[in-house]
Amino acid sequence: MYPTGKPYDKGLLDAGDGNLVYWEVGGNPEGKPVVVVHGGPGSGASPGWYRFLDPEAYKVVLFDQRGCGRSTPSFSDWAVSLAANTTHHLVADMELLREHLGIEKWMLFGGSWGTTLGLAYAVRHPDRVSEVVMFGIGTTTRREVEWITREMGRVFPEEWERFRDGVPEQERDGNLADAYARLMEHPDLAVREKAAADWCVWEDRHVRLRPGLERDTSYDDRDYRVTFARLVTHYWRHAAWLGDDELLRGVAGLGHVPGVLVHGRLDVSTALETAWRLSRAWPGCELIVLDDAGHGPGMADTLVAVTDRMADRT
């Protein structure tokens, strides 16, 4: 992997609806443009993303999606409304940022939730995308959300039972993302804070299938925890405002855009089936399956090799 990079330019983009989206640019100012699409939703773009991209070859754009990271207002404030935060808003923000930076085309690089957002952007703006490199593939369909919030209980029964029991008894057989989202709209602050914490405990568990992986200490930070839980449940209760298999149908129109999807066979959070179906529907797509990788861990060398290969494309 490459050294952790530093930006040579940064700013706040007025995206409308009172939102200021944080962005930064690092690497080579004359390099190949690439935009990092972070996960979550709500994780923010950390400096660690630079390590996957050759700083001599790439002009690296990082941004924090609406309401998280260094973007404002922050959803760590319970008073901030989630109404103007949908996949369609985020796609529009990405296109506004591309125009603001004067970039004609850029490569998309992202993982987990970032694959949903990145593919949604590519389907909406295919002529602005040079290549796509994604890992931990998911499209946030209702079926996928049901898998993560309910069917995953067959893999982690004890932890899932605690997760399920965090919502009122009458809601335990329904949409758990929706039930948790409603708890985070409760008038009692203590109820909201507990719901956010319970959600993050489950989130941290199901992404750590491989032995030896330590818990994610990011969730110890109250603002991060609340932002993350509010955004994830908000998006999942609505299946990211995308129709069933909308992205699967959409990638068929990306034939001219080269794509590489990297997925771990041990990734139980985003099952391999989604990546496989996308690769079958997308003529220009290559699927790389790593037998010993999970939801991110174990992929670094492969991802660097792929981005190095893409850097040589003109």
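Including glycine, each Cβ sits where the backbone N, Cα and C put it.
The active site, nucleophile annotation in TrEMBL covers Ser112. Positions annotated as active site by TrEMBL: Asp267. Annotation source TrEMBL lists active site, proton donor at His295. Taken from TrEMBL, the feature domain 'AB hydrolase-1' applies to 32-296.
Distribution of TrEMBL features across the structure.
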residue : record                    : CB count, 10 Å
Ser112  : active site, nucleophile  : 24
Asp267  : active site               : 28
His295  : active site, proton donor : 25
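Put simply, Asp267 (active site) is 5 Å from the residue listed as 'active site, proton donor' when counted between their Cα atoms. Mean per-residue pLDDT, taken over the domain 'AB hydrolase-1' (32-296), amounts to 95.
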